[in-house]
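Enquirer: Please see the structure below; I have some questions.
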Amino acid sequence: QLTPSSFLRIGQLSNVDLNEDIHELETEVPRQRPNEIPHNEKLLSLKYESLDYDNSENQLFLEEERRINHAAFRTVEIKRWVICAMIGILTGLVACFIDIVVENLAGLKYRVVKDNIDKFTAKGGLSFSLLLWATLNASVVMVGSLIVAFIEPVAAGSGIPQIKCYLNGVKIPHVVRLKTLVIKVCGVILSVVGGLAVGKEGPMIHSGSVIAAGISQGRSTSLKRDFKIFEYFRRDTEKRDFVSAGAAAGVSAAFGAPVGGVLFSLEEGASFWNQFLTWRIFFASMISTFTLNSVLSVYHGNAWDLSSPGLINFGRFDSEKMGYTIQEIPIFIFMGVVGGILGALFNALNYWLTMFRIRYIHRPCLQVVEAMLVAAVTATVGFVMIYCSRDCQPIQGSSVAYPLQLFCADGEYNSMATAFFNTPEKSVVNLFHDPPGSYNPMTLGMFTLMYFFLACWTYGLTVSAGVFIPSLLIGAAWGRLFGISLSYLTKGSIWADPGKYALMGAAAQLGGIVRMTLSLTVIMMEATGNVTYGFPIMLVLMTAKIVGDYFVEGLYDMHIQLQSVPFLHWEAPVTSHSLTAREVMSTPVTCLRRIERVGTVVDILSDTSSNHNGFPVVESNPDTTQVAGLRGLILRSQLIVLLKHKVFVERANLSVVQRRLKLKDFRDAYPRFPPIQSIHVSQDERECMIDLSEFMNPSPYTVPQEASLPRVFKLFRALGLRHLVVVDNRNEVVGMVTRKDLARYRLGKEGLEELSLAQT
């Protein structure tokens, strides 16, 4: 077991890099780059702060709320709807942009390579074509990886684990910035065009969240522009609600599934929920899928025919032709089991790979090299598989975008090429809808095997990319294989249509990897436009989740855990009733008196060893010996604003003379409050007093020290707190519970285990 001290400040974690700005680290220590980073998943990182979902009800806040009349509240409500509509429209437009650019660039690439292959098939020397394909892929991916690794490492991966953490209440640096959005969008386009085994669907969720966070604040900190609108929403409570709407809009733009988007926000994301929120989020999702639909329809030249609701269109599944019978249900359940086992295998492999990446491939230049290697290998594997495949199909009557002839007879094309020589989305649709007999079982088997390992290697690279589509593709391939073998066994009976099994296999594989249940069922139903399959899809997903959870947790939860994020699950660990608040809380608590010396406040805030963010305020009676009772709670950010505006009383007995601070002063400083080092306090000012009465929250949540851990956990989780004060029976502060204290306890294989805390 490593001691926490060996972890202090070990440079930059890479793979889904959630670190603060590198420059801030450089000021603290000259950075040494070790060759190996010791990493251990039994750790919680201390570099993540919590979001404050709970409003500080100080006097300023109460006065402002009392001034707002009924009409003003109605205006605020209208503004909320307007923001949701804007989130939907912008998310839809971003999705259109990604889709159109990818379609054109990928089409260009495939045309160039196809002409080259056709030319060299005639006169020999196909190795040039391979070289061309691999070089094109590697160079495109190099650009995509460079911008992510060197400009904004948070944009790596699909962004779903980060958004999940954000909605859980963990503040992950840079996750909802404009810069992240730009890098994310460019990165996704480049990695899909670069032919990696990735999809553009996952990152849409992150993009939607960034758009939501930006619009709802009415200003951009990256551009240093303040539009002076929506100032009421500048606090964590409101921002977080809008981010969950953005995530839903992203899902619905990606799959054309507005209800699925709402359920995704419910299931994966938001910790807090109410009915108004649901309705607004649904509105944002609907607007988003409608925007995408209308813009793409105009782009494809049929303006009145709204036929492309999402980035991926699974195509129509006909109920008459493709119903299912009772005796197929056990077969579906069996497919769910297979999906769960394969998903668990995928996750376990990816876990070891990610550990290796965190330890050894933590320099940006190495990450770019690895991404280029994967791109080149993907192209090579595809080329070799197409080259060795002898599976020829007649061209007429088939809808192949780029038919490669290679060594087939005239009028035929290579069927392995439809799987590899295409963007993954198109391959999925082909596997669902091509008529029976389009694929050789050997082709499908080899494809599944190779693509499984390619997709596993690709997830966690330093490129923006989703895991949704590769999972669907792997599942569709083995599902179709399963369907073909079934119809062999049943002598070509009518119900064994391979397309239907491809759909079930895709659901099973995706469910086995990401372990979503409710939202995934609805997303699959909406994307296929068919309610008939609701029941079998649900069965398949349930089975896949149960089987997969028996072996290893879902992919997103695994990556959250590898990043050592203090993530709070829905419930406290089951066996934790024996622990009480006294054992969980952090003890010596730094308290402030109600009227405190400025010097004391500055010293407490500057103390880097403690770095607390909330301070209980106690009654100041300097004459008596007894300990003072709890009066309120004040946050670091509030104290910094007070010091910045120099809200001091000259000496203890004088009245206040300067202008009163408004709530607006606190809102303008949000979300990036200046660090204490940037605030200059002279020697005279250090002797002044500061009165915290009207700025502190006079009614913080408290628990007695005898409360059990599940009870504390419920209160903390359900109200989205950041600080929970522990008091004894005389109302004196004895400790403080924060997110890290609760997230430390986790159910391991042997029972309840406690994680150690580390600075990195």
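Just so you know, glycine gets a Cβ as well, placed from its N, Cα and C.
What you are looking at is a predicted structure, and each value in this text was computed from that prediction instead of being measured.
So TrEMBL has the following annotated:
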type: DOMAIN; residues: 696-754; note: domain 'CBS'
type: TRANSMEM; residues: 81-102; note: transmembrane segment
type: TRANSMEM; residues: 130-151; note: transmembrane segment
type: TRANSMEM; residues: 181-199; note: transmembrane segment
type: TRANSMEM; residues: 242-265; note: transmembrane segment
type: TRANSMEM; residues: 277-299; note: transmembrane segment
type: TRANSMEM; residues: 329-353; note: transmembrane segment
type: TRANSMEM; residues: 442-461; note: transmembrane segment
type: TRANSMEM; residues: 467-489; note: transmembrane segment
type: TRANSMEM; residues: 501-525; note: transmembrane segment
type: TRANSMEM; residues: 531-552; note: transmembrane segment
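Help me see these features in their spatial surroundings.
Expert: For the domain 'CBS' (696-754), the number of residues in each DSSP class (helix H, G, I; strand E, B; coil) is 16 helix, 22 strand, 21 coil.
Sequence-distant contacts of the transmembrane segment (130-151) (same chain, six or more residues past either end, CB-CB distance under 8 Å): 109, 112-113, 116, 179, 183, 186-187, 189-191, 193-196, 364-365, 367-368, 371-376, 378-380, 382-383, 461-464.
Only residues 6 or more beyond the boundaries of the transmembrane segment (242-265), in the same chain, are considered here, and those with a CB under 8 A from a CB of the stretch are 83-84, 87-88, 91-92, 94-95, 163, 166-167, 176, 200-202, 204-213, 215-216, 233, 277-278, 280-282, 284-289, 291-293, 308-313, 468, 516, 518-520, 522-523, 525-527.
Away from its own ends, the transmembrane segment (467-489) comes close to residues 158, 197-202, 254, 312, 331, 335, 338-339, 342-343, 346, 419, 424-425, 427-428, 431-432, 436, 439, 441, 444-445, 447-448, 451-452, 454-455, 458-459, 496-510, 513-514, 555 of its chain (Cβ-Cβ under 8 Å, at least six residues beyond either end).
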Enquirer: I'm a bit unsure how to read this: which one of 81-102, 277-299, 329-353, 501-525, 531-552 has the highest number of Cβ pairs shorter than 8 Å with the transmembrane segment (442-461)?
Expert: 329-353
Enquirer: May I ask which of the stretches 277-299, 501-525, 531-552 has the most CB pairs under 8 A with the transmembrane segment (329-353)?
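Expert: Answer is 531-552, with the largest number of Cβ pairs below 8 Å.
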Enquirer: Taking a Cβ cut-off under 8 Å, which residues six or more beyond the ends of the transmembrane segment (81-102) line up next to it in the same chain?
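Expert: Distal contacts: 181, 185, 188-189, 192-193, 200, 204, 207-208, 211-212, 215-216, 230, 233, 242, 245-246, 249-250, 253-254, 280-281, 283-292, 295-296, 299, 311, 423.
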Enquirer: Hey, which bits of the same chain come close to the transmembrane segment (501-525), Cβ under 8 Å, at least six residues off its ends?
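Expert: Tertiary neighbours of the transmembrane segment (501-525) are 251, 255, 257, 259-261, 263-264, 266-268, 314, 317, 332, 335-336, 338-344, 346-347, 428, 431-432, 467-468, 471-480, 482-483, 486, 531, 533-534, 536-538, 540-545, 547-549, 553-557.
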Enquirer: Could you tell me the mean pLDDT the prediction assigns to the domain 'CBS' (696-754)?
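Expert: So the average pLDDT across the domain 'CBS' (696-754) works out to 88.
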